[in-house]
Amino acid sequence: MAMEQRPKTKIVCTLGPASRSVPMVEKLLMAGMSVARFNFSHGSYEYHQETLDNLRQAMLNTGMLCAVMLDTKGPEIRTGFLKDGKPIQLKQGQEITISTDYDLKGDEKTICMSYKKLAQDVNPGMVILCADGTISLKVLSCDKEKGTVRCRCENTSMLGERKNVNLPGVVVDLPTLTEKDKQDILEWGVPNQIDMIALSFVRKGSDLVQVRKLLGKHAKTILLMSKVENQEGVANFDDILINSDAFMIARGDLGMEIPIEKIFLAQKVMIYKCNFMGKPVVTATQMLESMIKSPRPTRAEATDVANAVLDGTDCVMLSGETAAGAYPELAVRTMAKICVEAESTLDYGDIFKRIMLHAAVPMSPMESLASSAVRTATSSRATLMMVLTRGGSTARLVAKYRPGIPILSVVVPEITSDSFDWACSNEAPARHSLIYRGLVPVLYAGSARASIDESTEETLEFASEYGKKKQLCKTGDSVVALFRTGNAIVIKILTVK
């Protein structure tokens, strides 16, 4: 896929049974995948390890970078097991008892749920949703002594084993990081040098402080992405965003907790706030859901993806479409095409003005230079921006101002003695930039013996050659470079040789 067709918006793919072989992962990388999501709600460590090894092999084979995201299971509430393991038929108007004794095998009269405080936390008149909201149970009475809740079924449906449960409007007394999550992060995530953790059911800013404490020295190299999936999280959104490195709009559980007709607004407001803080945001859940079975998305899905791009999302995400669908590669290609089309309609000048309007005054020197570089690129009709960076923060600030052209983020190693220690100083910032719209990271090996000025010239030359190779610019084009030399930071307009 030629580089000009790759959208600026990044695509996150969930790897699963349909997409974990080396050839398939290679296809997804070529089609436009930038981040691979490992969903720890399912699968053993061995299973995920095999998938990760295959991903790394595919990255080597294609020479493409891909970030690794661990998505935690979080404090889920589930229904229990059923007699003989057979689904039960629930009829509208039928009454049923919910027990909090999880050893109970359920039937048509009694089922169990994994949340011990259910009888204390719900009140008559409230609704309990099961199996992604396909079953709605109205609470009639609660027996706190026995830990049981009497409900009436609001609709007719089949209930299988271990289905997810939502309690709209209830402040659930469960930790954001369960013991399983801690184990997943420390025993699988950290040793495998993952790039980011998507935290399920974040409810307040202090949740993130605890996770950083848990990560210790690794907190520097692992980004924390918050998923707000209930009313408490929505209420504390600003506090959560300040404490997060990135954000995911997980519309699935959110759609159970807040009225479905308000989801569009929640999405727009959250993206808007993330954009102004320069924090990357992922829009997720059911984006091309019908492509699990069909080679074409519905018109509504195509419009949904395009609208997320117009709203300002940095990434769009595929879940079941790539994990278990019949057309994983086609889903990514379709998504990329829709993103390219949506991006071509944006008024980048207007977006720049809007972000400048909301920028803090006074701006930090670095941010002031980043926004000036974007303005320079626009007025000089440059086709590419090149940012030389070590930790990646300069390139990320440039991306915040949303130039209409790609930003080549050239990650230069920090020289420690004579060896280049890529692992600690470099690959992480390059992969982290894979969740920012418009950033194209590239690793530059550089020559250890050159002086600062020579090495800057060499790096710029390398960057323009790379840009030409990837069809981001051509001979005679203007490009704007932003780099540090000595104590000065320089914005330079170059002509591609």
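Cβ coordinates are placed from backbone N, Cα and C, and glycine is handled just like the others.
Just so it is clear, the model here is predicted, and its values are computed rather than measured.
DSSP gives LYS227 (substrate binding site) a strand state. Sequence-distant contacts of LYS227 (substrate binding site), defined as residues of its own chain at least six apart whose C-beta falls under 8 angstroms from its C-beta, comprise GLY74, ALA198, LEU199, SER200, PHE201, VAL202, MET248, ILE249, ALA250. Look at Swiss-Prot and you will find ARG37, LYS227, GLY252, ASP253, THR285 tagged as substrate binding site, backed by similarity to another entry.
Among the features that Swiss-Prot reports, K(+) binding site is placed at ASN39, SER41, ASP71, THR72, with the record citing similarity to another entry. ASN39 (K(+) binding site) has a Cβ environment of 20 other Cβ atoms inside 10 Å.
Marked as ATP binding site by Swiss-Prot on the basis of similarity to another entry: ASN39, PHE40, SER41, HIS42, ARG78, LYS163. Counting only same-chain residues six or more apart in sequence, the Cβ atoms lying under 8 angstroms from the Cβ of LYS163 (ATP binding site) belong to ARG78, THR79, CYS130, ALA131, ASP132, ILE135.
Per Swiss-Prot, the feature site 'Transition state stabilizer' maps to LYS227; the stated evidence is similarity to another entry.
Taken from Swiss-Prot, the feature Mg(2+) binding site covers GLU229, ASP253, and the record attributes it to similarity to another entry. Here the Cβ of ASP253 (substrate binding site) has 23 other Cβ atoms within 10 Å, regardless of which shown protein chain they belong to.
Within 10 Å of its Cβ, the residue among the binding-site residues SER41, THR72, THR285 with the fewest other Cβ atoms is SER41. With respect to Cβ neighbours within 10 Å, the binding-site residues ARG37, ARG78 differ, and ARG78 shows the lowest count. Proximity note: of the listed binding-site residues (PHE40, GLU229, GLY252, ASP253, THR285), PHE40 have a CA within 10 Å of the CA of THR72 (K(+) binding site), given in sequence order. Following the DSSP three-state reduction, the secondary structure of THR285 (substrate binding site) is coil.
Secondary structure at ASP253 (substrate binding site), taken from DSSP and collapsed to helix, strand or coil, is helix. Using a 10 angstroms CA-CA radius around ASP71 (K(+) binding site), the binding-site residues that qualify from ARG37, PHE40, GLU229, GLY252, THR285 are ARG37, PHE40. Of the chain residues outside the K(+) site list ASN39, SER41, ASP71, THR72, ARG37, PHE38, PHE40, HIS42, LEU70, LYS73, GLY74, ALA198, SER200 have their Cβ within 8 Å of the site's Cβ mean position. According to DSSP, HIS42 (ATP binding site) sits in a coil region rather than a helix or strand.
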